[in-house]
Amino acid sequence: MDHRPPAFRYFIKSTSLSLSTYQYLVLILTFLAYTSYHATRKTISIVKTVLDPETHNVGMWPLSNFHLRATTGGGWAPFDGAEGPQLLGILDLSFLAVYSTGMYFAGHLGDRLDLRIFLTVGMIGTSIFTSLFGAGYWLNVHVFGYFLVVQMLAGLFQSTGWPSVVAVVGNWHGKRKRGLIMGIWNAHTSVGNISGSLLASLMLKYGWGWSFVVPSLLMAFVGLVLFLLLPPGPESVGLDGNEIRNGVREPLLGGEGEENGKKRKAVGFWAAWQIPGVTAFAFGLFFSKLVAYTFLYWLPFYISHTEIGGEYLSNWKAGMLSTLFDVGGVIGGILAGHLSDSLDARAFTSVLFTYLAMGALFIYRYFGSSSLLMNATLMIITGMFVNGPYALITTAVSADLGTHESLRGDSNALATVTAIIDGTGSAGAAIGPLLTGYLSAKSWDAVFGMLMVAALLAGLLLTKLAWAEIKRNERLHLCFRRRNSSDGMANGVSHSVEGV
């Protein structure tokens, strides 16, 4: 059976393209694909400020109900009542609960089906149900159950994206500079958030329904392009996959060697959990993603409901300002990927960024409201440290573990391992926005306290792996030995001075 994409079957000779051309094509197509996934996912956070403009009981500072109703048109039932934040939190929970559960099944299916077809179906399905949420505007729907069911189905189709794109990229690229390559490539998450925020914000003046429909149409177009052009693996265009992936199976956290380079059948779900490092990174991502997705779904809402430099920003300005968090996310993802490659230490880099994120969250909460410039600057810094480990774990770490040498050469675990790690992380992503819906009605201090505790737990879960990397990594080991030696010399000088 001919598994080549239609464009290569009828218009382009697969032998006329070099390996590097295929690799660039795969990076570009998967980048666009997941950018569109996140663009459609981000719209709800922008539209929240219109669906629920009530703010008299949200956050630390009261805001005139009249002012917001004048600028947003009075909200949209059933979200415009006193329980608006809670209902929006339930929507987030339902979407992400189905998304995280679907991720496990999607990864299992992705290792067994044609990833090009699987991605296309996921993208078209996502665009349909995201559009149906927006259709509630023109159909004048005010039944919460309608929005709940549509969001859950959108989450189900969204779950096809991440395991598939990571598996495709992992099929075409070896481990060398994987952290840097995937750090740059993972900018699609932030680019999708930024483009989704911009599109949704710009469409608000025409009616909030357009904020869902326009990104959905763009996603359907990208899905069609993907169907025509994406080669899911080297074998699909007649190339030797084993030769291209040479060197992929270097150990990340130790393990056994390959078994005569033979390729086994796809790894089972429970067997994938037993790969060294999968459990720790999966639950570390649980808390990292809880923080990241709380910002993803609630940051525009928080900004519009918080006095910054003595004034409250409009919904449009709040949406624009929130994109700076994702600008920091791009920087953080690239920086974390480069650092982890340079040190050959994924866990250490993740822990470092996670602990720094705790400080950044504290400073942003208590100093970000002093001025617009201060808020923008601190938002970029916070985005860098929050998204750095999230980006690293969901890309390079997942690809490393999905091709871990304990699998003895089995390349068919990529989507399964990616699904396990990101699916577990997405369970945390579901809890964070839900808790925010309830906590924000009392105090945003409680929300940021929750986020700092989550960041701490993420760091603690990965600290053991980070310490193991320090002990086996010469560069890190020398660095810590030099620091200890310096401390010892300083103590010695201090004692000498005291003796004199």
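Indices start at 1 and increase along the chain as displayed.
Every residue gets a Cβ built from N, Cα and C, even glycine.
These numbers come from a predicted model, not from an experiment.
Residues or ranges marked as transmembrane segment by TrEMBL: 21-39 (among others).
Marked as domain 'Major facilitator superfamily (MFS) profile' by TrEMBL: 26-471.
Look at TrEMBL and you will find 117-139 (among others) tagged as transmembrane segment.
Through the fold, the transmembrane segment (145-172) approaches residues 22-23, 26-27, 30, 33-34, 37, 40-41, 44, 90-91, 94-103, 105-107, 110-111, 115, 118-119, 121-123, 125-126, 128-130, 132-133, 136, 182, 185, 230, 232-234, 241, 244-245, 248, 394-395, 398-399, 402-403, 411, 414-416, 418-419, 422-423 of its own chain, all at least 6 residues removed from its boundaries and within a Cβ separation under 8 Å. Here TrEMBL flags 145-172 (among others) as transmembrane segment.
For the transmembrane segment (184-204), same-chain residues at least 6 beyond its ends with a Cβ under 8 Å from one of its own Cβ atoms are 27, 30-32, 34-43, 45-47, 50, 169, 210-212, 214-215, 218, 296, 300, 315-316, 319-320, 322-323, 325-327, 329-330, 333-334, 337, 383, 387, 391, 394-395. Taken from TrEMBL, the feature transmembrane segment covers 184-204 (among others).
Outside the transmembrane segment (210-230), and at least 6 residues removed from its termini, the chain residues within Cβ reach (under 8 Å) are 5-8, 25-26, 29-30, 32-33, 35-37, 39-40, 43, 46-47, 115-117, 119-120, 123-124, 126-128, 130-131, 133-135, 137, 168, 195-196, 199-201, 203-204. Residues annotated as transmembrane segment in TrEMBL: 210-230 (among others).
Per TrEMBL, the feature transmembrane segment maps to 270-298 (among others).
Residues or ranges marked as transmembrane segment in TrEMBL: 318-336 (among others). Same-chain residues lying 6+ beyond the ends of the transmembrane segment (318-336) with a Cβ under 8 Å from its Cβ atoms: 45-46, 49, 179-180, 183-184, 186-187, 189-191, 193-194, 197-198, 200-201, 204, 295, 299-301, 303-304, 349-350, 353, 372, 375-376, 379-389, 391-392, 395.
The transmembrane segment feature in TrEMBL is assigned to 348-367 (among others). Here the transmembrane segment (348-367) has Cβ contacts under 8 Å with residues 281, 284, 288, 291, 332, 336, 339-340, 374-375, 378-379, 381-382, 384-386, 388-389, 392-393, 397, 444-445, 448, 451-452, 455-456, 458-459, 462-463, 466, 469-470, 473, 476 of the same chain, all six or more residues outside its ends.
With a threshold of 8 Å between CB atoms, the same-chain residues lying at least 6 positions outside the transmembrane segment (373-393) that come near it are 179, 182-183, 186, 189-190, 281, 284-285, 288-289, 291-292, 295, 303, 308-309, 321-322, 324-329, 331-333, 335-337, 340, 346, 349-351, 353-354, 356-357, 360-361, 363-364, 367, 421, 425, 455, 458. Feature annotation from TrEMBL assigns transmembrane segment to 373-393 (among others).
The transmembrane segment annotation in TrEMBL covers 413-435 (among others).
The annotation transmembrane segment is assigned in TrEMBL to 447-467 (among others).
The transmembrane segment (270-298) makes no contact with the transmembrane segment (21-39), as judged by fewer than three Cβ pairs under 8 Å among residues 6 or more apart in sequence. Among residues of the same chain six or more beyond the transmembrane segment (21-39), those with a C-beta under 8 A of the stretch's C-beta atoms are 119, 123, 126, 158, 161-162, 165, 168-169, 172-173, 181, 185, 187-189, 191-193, 195-196, 199, 215, 218-219, 222-223, 225-226, 229-231, 234, 237, 239. On the 0 to 100 pLDDT scale, the domain 'Major facilitator superfamily (MFS) profile' (26-471) averages 82 in this prediction.
Packing against the transmembrane segment (117-139) from elsewhere in the chain are residues 33, 36-37, 40, 43-44, 76, 106, 109-110, 146-147, 150-151, 153-154, 156-161, 164-165, 168, 207-213, 215-217, 219-220, 222-224, 226-227, 230: each is 6 or more residues past its ends and has a CB under 8 Å from a CB in it.
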